[in-house]
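The next block holds one structure in the form of C-alpha cells; read it before the comments.
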C-alpha cells in the first residue's frame, strides 16, 4: 500500500488536531529532614514566604524560612508519618480560612474546619490569615462604648469599639471569666464575638462553649480552637485566623469583639517553632521578631471610617463605620508585668486591665487593681451618665488605698479619715460582682449614683451586696421605663438625676434588705 504525500499530510493534521496536552509547571521538592513538626525541604526554588506547601496525605505546611539551598516549613497537623525523601509541591497560595456569618455559633479549628459535630460550615468565602492593618487615613477615632457588664471595668477602665485593651494577670485571677462575661453581655448589642482559645485543655474550652450556650451568647460567637495537644504551628496561627474572621464583619460596617486567650501561649508556640527553625534566640530565648508577632496582629483591631467600608463593599454599605475590638489576654508569672512579652503587649495596646491574685484571694472579684489599670482611649467612648457618675469612684478608691496603708500605723484617726476609709471599703464591696451576671448601663448607673451621693453611709458593710440586689429588684419591678430610657440613650441631665434621687429615697424609706 502506497500513500501519497497529500494523504500523509492529512493524517498528520488529524493527529495534531486530536492531540491534547495539559502542561502543569510543578515546583517540586524533597523532604531532607523532619523534626518536631518542622520540615526542611530541598529543591523549592520559587517558594514564597508564608506559602502553603502540599504534603502527602492531603496536608499542608507553611514556608517560614527561605534559605539559599533549602526551605524550612512548619507542618499544620500530624507529622509522625512524614519521612526523608518524600516529594512535596508548592501551591502558589498563602493560607486562607473560611469567613462569613455561617461561622457564628460554630466551634472551628485554626483552619476553619468544624470540630463541634454540627456538619459543614456555611461560609461566604475565604480570607488570608495575614492581612495588612488599615492605614491611618482609613481609621476613625474611638467614640462608641463596648459594655463588659462589669461595674469596675465600665466605670473606671471603659472600653471603646475599635480599642485594644489588654487583660493581664497571674493564672487563676479571673482573666477568662472577664472575657467570657464581656461576650455574654453582647447578646443584644449587635456586636459579633470571636473567642480564640490558644493552648488550652479541650475540657476547659468545652466548659466555655457550654456556658456561652447556656447564656444565649453562642449564636453570636465564633469559637476558634487550637488546643494544647495540637501542633505549635496551629497554636501560632490561631489568633490570625480568628482575626481574619473578625475582619469580615469590620470591613462590612459592623462591630466585632475578639478575645485572644491567651497570647503568652502563642508566643511560646512561636518560640518553639523559631528555635526548631534555628533562628537566633534573644531575651528569654524568644526570637527577635516576637514584638512584630503581636503588633501585626493587634494593629488589625481598629475602627474604620465610612469611606473605607463603602470602598470595600463597592458602594453596597454606605454611611456606616466598622470596628474590631481586641481583648488580648496575657498570663504573668508571680505578678511580673515587666517580663518580655507582657511589656511588649502593654506597649502595643491602648490600655490594660490588671488582675491581682491577692485581691482575688481576698474575695474581691473581679480582682481589678484600679491603680495600674488604665484605658487610654476608652474615656471618649463612655456614655454620658457613666462618665458623670464614675469620676468619684476612682478617686474614692485611690484615696482609700492610700489611707488604708497609712492607717495600719496610726492608732487614732480623725472623723474625716474614718469616713473616707469607710466609704472606700463600701465602694470596694459594691464593685464586687458574680460571674455570668453582667449588668446593664442603667443598673450600673443607679448603683454608682447610690455610692457617689452617700446613700451607702448608713448601710452596714456586710449588707452592701443585699442592698444592691434589693435595689435592682425594686427598680426592675417599679421603674422599668426609666431603666429602659437610660439603657437606650445613656444620657444624663437634671431630670434623670432627680428621678434617680427619688428612686433611692423611696427605696430606703419603704424597702428592707
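Each Cβ is built from the backbone N, Cα and C atoms, and glycine gets one as well.
Note that the structure is predicted; figures quoted are calculated from it, not measured.
As given in Swiss-Prot:
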BINDING   169, 170, 171, 172, 173, 174, 175, 176  ATP binding site
SITE      373  site 'Required for activity'
Neighbours of 169, 170, 171, 172, 173, 174, 175, 176 excl. site residues, C-beta within 8 Å of centre, ATP: 331, 355, 357, 360, 367
Assigned element (helix, strand, coil) containing residue 175 (ATP binding site), judged by DSSP: helix
Euclidean distance between Cα atoms of residue 173 (ATP binding site) and residue 373 (site 'Required for activity'), Å: 15
For residue 169 (ATP binding site): DSSP state (helix, strand, coil): strand
For the binding-site residues 169, 174, the one whose C-beta sees the most other C-beta atoms within 10 angstroms: 169
Under 8 Å by Cβ from residue 173 (ATP binding site), same chain, sequence gap 6 or more: 355, 356, 357, 360, 367
